[in-house]
């Protein structure tokens, strides 16, 4: 149950909901987005309107979401399943590291914008 929709979608929308996708699929989309946007998230202003900050903001927002999901799944792993998974813990730490990096990038771009 915990391997799909973070274990929450089934409870809220039902087991057969189209939103009840495997956690791994969510992760693949997240890491692809991080990789693709990470290449442009820190470059310049992106022309009129300061578009360079948009990728950084999306990276930060998705990182916050992944960190919250990681904390949830770590709690499920430790307190619900009473288990230890080295791959899971490593993934959670990677998500927290991405959050720190994206937070730093976002703050740097905001500082450049106000300077």
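Cβ coordinates come from backbone N, Cα and C, glycine included.
What you are looking at is a predicted structure, and each value in this text was computed from that prediction instead of being measured.
The domain 'Vitamin K epoxide reductase' feature in TrEMBL is assigned to 1-106. Across the range of the domain 'Vitamin K epoxide reductase' (1-106), the DSSP-based residue counts are 73 helix, 2 strand, 31 coil.
Look at TrEMBL and you will find 20-37 (among others) tagged as transmembrane segment.
Within its own chain, the transmembrane segment (57-78) is flanked in space by residues 2, 6-7, 23, 26, 30, 33-34, 37-38, 41, 84-85, 88-89, 91-92, 95-96, 98-99, 102-103, 105-106, which lie at least six positions past its ends and keep a Cβ under 8 Å from the stretch. Per TrEMBL, the feature transmembrane segment maps to 57-78 (among others).
According to TrEMBL, the feature transmembrane segment maps to 84-103 (among others). Long-range contacts of the transmembrane segment (84-103) within the same chain: residues 27, 34, 41, 56, 59-60, 63-64, 66-67, 69-71, 73-74, 77-78, each at least 6 residues beyond the stretch ends and with a Cβ under 8 Å from a Cβ of the stretch.
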